[in-house]
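Over in TrEMBL, the protein carries these features:
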type	residues	note
TRANSMEM	27-46	transmembrane segment
TRANSMEM	67-91	transmembrane segment
TRANSMEM	111-130	transmembrane segment
TRANSMEM	137-158	transmembrane segment
TRANSMEM	178-199	transmembrane segment
TRANSMEM	220-237	transmembrane segment
TRANSMEM	249-270	transmembrane segment
TRANSMEM	303-321	transmembrane segment
TRANSMEM	333-356	transmembrane segment
TRANSMEM	368-390	transmembrane segment
DOMAIN	505-734	domain 'Methyl-accepting transducer'
Amino acid sequence: MEAKALEERLTFLENELNQKQLNIDHIWTMMAACLVFFMQGGFLLLEAGLVRSKNSINVAQKNIADFILATVCFGAVGFMIMFGGSIGGLIGFDWDLFAFDKVEDWTFTFFVFQVVFCGTAATIVSGAVAERMKFGGYLAVTLVISLLIYPVFGHWAWGNLLVTENEPFLASLGFIDFAGSTVVHSVGGWVALAAILVIGPRIGRYDENGKPVSINGHSPVLATFGCIILWIGWIGFNGGSTTAGTPAFAHIIANTIVSGAIGGLVGLFLGRFVDGHYRPDRSINGVLGGLVGITAGCDTVSLWGAIFIGGGSAVAVVFAADFLEKRLKADDVVGAVSVHGVAGAFGTIALALVAPAGAFEGGMWAQLGIQSFGVGVAFLWAFALPYFLFKVIDKMFKGGMRVSGEDEMNGLNFAEHAATMGASHVLREMEHVFGATSGEEEPHANFIAADEADEIAFYFKRLMDRNASLVTGMQKTTSVLVQAAQNLTHMSTNLSAQAEQTQSRAFELESTTQNVSGNMNIMATGVGEAGTLAQAIAKNADDMSLTVQSVADEIRNVMGSIEEISNSTGETQSVLNNAVVEVRQGRDKMKALGTAARDTGQVLSLISDIANQTNMLALNATIEAARSGQAGKGFAVVAGEVKKLADQTAKAIANIETRVLNMQAGASDAVQVMERIAGLVEHVNDTADGINLAVGRQTSAADKITGRLNKMTDMTSHVAAEINRVAANTNEASYMAGDAATQTGNLNDGILDVKQAASLSHTQASSLKAEAEQISRSAHDLNKLVNSLSLHKQAQEAAE
């Protein structure tokens with residue numbers, strides 16, 4: 001009975017101990033999960049510190065968003081795929097695990113621990129693609145990792161952790177990855193590599209020759225603190241992978257701490273050798289590389305193995321980062337690919353080399369092959385498939401998975417979240433100010449900043465350069481202003497003197513214009529009288545033209561009379577010729593007519609005298625015509641005398657005819673005198689010839705007189721026309737003189753205004769002179785101030 005009771009007591013105690021151990025396992029695993037969850041904050045601080053402040057909010061949001069999404073997706077589907085009943089060793093499936101339908105308490109604890117691992121794998125990508133991937137694109141990447149990439153490969157390596165009967169693909173081969181150097185870190189690193197190759201490097205990461213340009217994060221302090229948090233969290237990451245609260249995790253945690261320290265030490269000094277400086281990211285990534293590397297074999301290797309793996313992982317991180325940056329032109333902002341992908345692969349393979357003898361059933365080299373194979377499979381699965389999927393997603397997204405160049409330059413804090421932090425708002429405003437004022441679309445297009453402090457320095461230098469240009473311009477302007485003020489003072493002095501002189505001249509001009517106005521009135525009156533006189537002269541000229549025309553007409557009448565005389569003389573000559581014949585026939589009878597012939601001779605003598613007088617009158621008429629004074633009266637006298645002469649000639653001819661008739665009547669009684677008559681008739685015939693000649697000469701002279709009179713008529717008409725035009729011009733001149741007199745009066749009024757304006761100008765010029773002197777003093781003061789600014793700037797430059 002006592003033995004049975006003791007056995008029951010021992011069974012009870014054993015059950016109690018097992019239950020307590022289970023409780024401890026739950027507690028330790030949950031505590032480890034909390035530490036791993038705390039690593040999410042470490043990643044957030046690390047990535048936020050290694051990016052520029054304008055992207056820090058975006059990085060933080062990605063870290064919390066990827067864990068939210070990973071928890072939902074991994075809990076709903078991924079956990080089942082990773083730890084459900086294995087199908088061909090490739091994928092797990094269990095309806096009880098789908099959306100947590102029916103699970104035990106331990107399954108919940110195990111899930112919590114594994115879901116934070118999934119969140120870690122997802123968040124690794126965040127730092128690599130920082131500063132240029134769209135937030136929506138990053139969520140798509142998280143979906144790919146949480147639903148497909150991580151659960152499937154996790155099943156291949158860890159598919160028997162929950163269901164021990166499973167025979168996963170890699171685990172069945174003996175592939176060892178205790179806490180996830182490959183399953184978690186390399187998978188996340190290779191997915192990150194695929195993502196950064198698809199979206200390309202940041203703007204300004206490489207110069208025009210393809211040479212890398214450093215872009216520093218805004219806070220190495222945050223990054224360092226994030227690294228320390230991750231280091232602390234790694235205690236739970238590796239130690240919690242035992243999922244048992246036993247002393248076994250002591251060795252695991254010791255290896256973890258030492259490997260991280262050795263990795264940091266190697267990264268610190270190797271970075272100093274490569275870079276020439278103790279760059280913060282070298283020690284940070286050295287620590288993280290050592291932690292990632294030891295994660296696969298932390299339960300297998302000794303402390304010396306941990307030292308080897310930690311140091312080797314740090315070396316791999318440095319050279320892998322250099323290869324990615326310079327050869328592949330892969331812009332990894334935080335070094336996620338080299339730290340997680342490369343260091344994870346190195347640690348997974350290296351554990352086969354440094355594990356204690358007898359640790360592997362097939363020996364070191366066989367295990368080395370298995371480890372290398374597992375690493376290769378991880379790379380193919382976690383890089384090739386995501387690369388293809390990201391290419392497809394990039395085509396599906398409007399504008400691709402990458403933000404626009406403008407959004408990238410402004411920062412994703414504002415572009416994706418409408419939030420600002422640190423100097424990003426200041427930088428954006430400075431960029432906007434410089435772009436708007438300079439007309440440049442991208443004022444920093446040819447400038448590549450190492451960090452935001454560099455950008456601020458760039459804009460501050462531009463501001464100082466602009467201020468220097470402004471000071472230089474102000475110096476020139478103030479010098480010009482001083483000179484202009486002096487010129488203005490001089491000009492105002494001259495203007496005042498000129499205004500005073502103008503005022504004096506205005507008084508003189510007023511008097512002069514008054515005199516001119518009076519003279520113009522007198523001129524207008526005189527020109528008016530001249531116009532009246534010219535009109536009278538024009539009328540007299542017209543009258544003279546008419547008189548000359550009438551004289552010409554009278555001369556034409558005289559010429560008609562002379563022509564009649566000529567005709568009559570011709571007829572008389574014909575009769576005389578007949579008489580000569582008859583006298584010759586009756587010579588005896590002609591003798592009886594002797595007395596009558598003598599009488600006829602007297603008459604003919606009278607006709608001769610008349611002809612002589614006519615000739616003299618014609619001569620006088622010619623002389624008078626040549627003189628053509630205002631008398632035109634001489635032409636009238638000549639015309640009268642010519643008319644009288646014509647009358648006398650007509651009477652004489654009539655007398656001759658009467659006597660000839662008497663002679664004919666007494667012919668029968670005085671035949672005895674015919675002979676003498678015959679002689680007389682012959683003499684008369686000769687005289688008639690002389691008369692005809694005289695009449696011809698008179699006709700020619702009359703023609704000349706008529707032609708000259710016609711010319712006189714034309715000239716008189718022309719003179720009359722010219723005088724009329726003179727009269728018209730005189731009238732116009734009279735009107736213009738009157739108008740000029742009026743305008744002169746108006747000018748006088750204007751001069752009065754000028755006089756008043758000159759007086760006002762003199763007053764204003766005096767005021768202007770005073771103002772100009774004040775401006776000159778102010779310009780000198782401004783010039784001194786600008787020169788002092790210039791001297792201050794030169795002193796600063798000398799100090800620098």
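Placed from the backbone N, Cα and C atoms, the Cβ positions cover glycine too.
Note that the structure is predicted; figures quoted are calculated from it, not measured.
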Intrachain residues whose Cβ lies under 8 Å of the transmembrane segment (368-390), provided they are six or more past its termini: 141, 144-145, 148-149, 152-153, 156-157, 170, 173-177, 182-183, 186-191, 193-195, 197-198, 345, 348-349, 351-353, 362, 401
Rounded mean pLDDT for the residues that make up the domain 'Methyl-accepting transducer' (505-734): 64
Listed stretch, out of 27-46, 67-91, 111-130, 178-199, 333-356, that has the most CB pairs under 8 angstroms to the transmembrane segment (137-158): 67-91
Residues from the same chain, set at least six apart from the ends of the transmembrane segment (27-46), whose C-beta lies under 8 A from its own: 59-60, 63-64, 67, 109-110, 112-113, 116-117, 119-120, 123-124, 126-127, 222-223, 225-237, 239-245, 249, 284, 334
Stretch contact, the transmembrane segment (178-199) with the transmembrane segment (67-91), Cβ-Cβ under 8 Å, 3+ pairs: no
Spatial neighbours of the transmembrane segment (111-130) far in sequence, C-beta under 8 Å, 6+ residues away: 29-30, 32-33, 36-37, 39-40, 43, 46-47, 50-51, 55, 58-59, 62-63, 66-67, 69-71, 74-75, 78-79, 82-83, 100, 103, 138, 141-142, 145-146, 150-151, 180, 183-185, 187-189, 191-193, 195-196, 199, 237, 240, 243, 332-337, 340
